[in-house]
Amino acid sequence: MLSAHPRRVYLAVALLAALYVAAIFLTTNSYYQLMLALVPVWAVMGLSWNVFSGYSGLVSFGHAAFFGLGAYTTTLLFAKLDVTPWLGIPAAALVGSLAGLLIGAITFRLRGHYFALAMLAYPLAMLYVFEWAGLQEVSFPMKREDAALFMQFHDQRWNALIALGLLVIALLVSLKVERSRFGLSLLAIKQNEIAAEVAGIDSYRWKLKAIAVSGALAGAAGGFYAVVLLVVTPFTVFGLATSAQALIVTMFGGVGTVWGPIVGAAILVPVAEILHAELGGKYPGIQGVVFGLAIILVMMKMPQGIVWAVRDRFFAGAGRPAAVGVAPPPARAPAFLVAEDAEVLLAVTGLSRRFGGVKALTDVTLQVRRQEILGIIGPNGAGKTTLFNVLNGLVAPDAGSIRLAGRPLDGLPANRICARGVGRTFQVARVFARMSLIENVVVGAFVGTGRDAAAIKGAQAALTRVGLGGLAAAPADTLTNYELRLMELARALAGGPDLLLLDEPFAGLDAAEVRSFMALLRTLRDEGMTIAIIEHTMQAMVQLVDRFVVLDHGCVIADGPPREVVRDRAVITAYLGDKWVPDAVA
Ligand SMILES: Nc1ncnc2c1ncn2[C@@H]1O[C@H](COP(=O)(O)OP(=O)(O)OP(=O)(O)O)[C@@H](O)[C@H]1O
């Protein structure tokens, strides 16, 4: 969650580091000393990949780009300008980070496998550019007289210690990311980007931050790798094997957890190196076979990686509290009358949107007054969901304007519209399944506060508000349909909205659950909330709403109090066809 990791996690880091130091000093064979320096390098690469791809879900096949740029930065600074690697490695991190920002800004327009393939192109292109630039093989000048100053230790164990230092830094950075709004926002984006955006998460900004941090870690790893090898070639640092290795140690160990890349590197790197040393003469490239087999094995047996498999097997949660009961609805409160002259909170004017030949919305004009419950109804395909999608920035209108409390919302992305005060739930509840209930809701609370503690408090209050306070720690994938609906409502409430857009919130609920949900909505309205709700359950809607707007084929065909609208000729025709009109209005 959002709090700092418990102290025992940092103690574990210190203990592991101490054991590694002991192993370094007890190792006398220089080949094994080199291996002790390489394991942390690949663990840092794995952590770098994990910070970006593991949390955000955007698969990168191109981390060699950052690694290679880092390796060349450190090497060229040393070879051409006599800059010590002690400064060259931080410079490599900076270059990696800037490359991350640039590559991200260009490539985040692409999605799914298009993104993954585009990422593959960067290191490949760099490989050839560095060759053309005459940098096929750049060596470190020998400075043995100033070994410590230029990181040219005779004793490989110093390199292993520096590698360990890099790993500890990368681990601390990753732990910080994991337990902050940074990591939680990325996880939410990974699981459902639209839901995250609608809950106020600026997915583009978080992804840029993640690739910048990731690029910095990979750049530093590359810079140090060059120090260990004393020579860089485009093929060794920009080659496909580099990106693949970062990805494989992480997938093998466990994606989306800081321990995964470390476990993966600690197992795979020594196995590959020992095989290379023992059999490399006879079977050149044996490491590649090891990494290839490792990934096939993991995909078949433990698709989430070793750490998750162990966690699920030995540390699975002890279940969850019983399902929330359905609160009996309070006696029907006297009708709440929205004054005719109440402030218009939402003003929609002339909204249109086409999808190819389909006119989903045509010149839609409507208003929602403060503290009103507006029902939006219409036959299937009438344009109701499209209206919500346009209102909260998921779909751009072709024409028309939208104002909230007098301020235009036009052209704003979903996360900014959420920040302006529009909360939204979906027809099919959008849940961040690998997160707890409170984590699902806290994602919606970030938009209202810059302080994590305040976000947690807000999320807890929203959960209590909808009656899920006792389930905060429950894994989201254990929730019932009713609880999921309440969770989405809580997530929308956590951002402190003025207006709630609820898209078929009663879908899949039984009669008692619908009654309880309606009572909750009425209470929210009595406390000041304004609600626009799409529903097909007319019986419930007639009891709940103050006013209906009816859409048909993308046009508003009626707008008025429920009793009038249900007898409206155009509405009956739209729902039932002309021949039923005389019976229906009788
Ligand atoms: N992304 C899209 N691409 C193409 N056509 C779309 C898209 N979204 C909606 N439409 C079309 O626009 C029209 C309105 O769809 P919309 O989902 O808004 O209707 P609805 O009133 O919410 O329907 P339902 O009650 O069945 O959910 C439909 O003809 C639909 O096929």
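For all residues, glycine too, the Cβ spot is worked out from N, Cα and C.
Non-local neighbours of the transmembrane segment (9-26) in the same chain are 33, 36, 157, 160-161, 164, 168, 171-172, 175; each lies 6+ residues outside the stretch with a CB under 8 Å from one of its CB atoms. Look at TrEMBL and you will find 9-26 (among others) tagged as transmembrane segment.
Annotated transmembrane segment per TrEMBL: 32-52 (among others), in sequence order.
For the transmembrane segment (64-81), same-chain residues at least 6 beyond its ends with a Cβ under 8 Å from one of its own Cβ atoms are 45, 48, 87-89, 91-93, 95-96, 99-100, 103, 119, 122-123, 126-127, 130, 135, 138-141, 150, 214-215, 218-227, 232, 234, 237-240, 242-243, 246. For 64-81 (among others), the entry in TrEMBL reads transmembrane segment.
Residues or ranges marked as transmembrane segment by TrEMBL: 87-108 (among others).
Taken from TrEMBL, the feature transmembrane segment covers 115-135 (among others).
Among the features that TrEMBL reports, transmembrane segment is placed at 158-175 (among others).
Taken from TrEMBL, the feature transmembrane segment applies to 210-232 (among others).
Residues or ranges marked as transmembrane segment by TrEMBL: 244-271 (among others).
What TrEMBL lists as transmembrane segment is 283-300 (among others).
Marked as domain 'ABC transporter' by TrEMBL: 346-578. Taken as a whole, the domain 'ABC transporter' (346-578) shows an average pLDDT of 92 in this prediction.
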Exercise. For the transmembrane segment (244-271), which partner among 87-108, 158-175, 210-232 gives the most CB pairs under 8 Å?
Worked result: 158-175
Seminar exercise, completed: Tertiary contacts of the transmembrane segment (115-135), defined by C-beta under 8 angstroms and 6+ residue spacing from its ends, are 58-65, 68-69, 72, 76, 103, 107-108, 234-235, 238-240, 242-243
For this session: Would you mind listing the long-range same-chain contacts of the transmembrane segment (87-108), meaning Cβ under 8 Å and 6+ residues beyond its ends?
Result: 52, 58, 62, 65-67, 69-71, 73-75, 77-78, 115, 118-119, 122, 166, 204, 207-208, 211-220, 222-224, 227
Exercise. Restricting to the same chain and to residues at least six past its boundaries, which positions have a Cβ under 8 Å from a Cβ of the transmembrane segment (210-232)?
Worked result: 34, 37-38, 41-42, 44-45, 47-49, 51-53, 55-56, 60, 63, 66-75, 85, 88-101, 103-104, 137-140, 151, 159, 162-163, 166, 170, 173, 177, 182, 186, 246
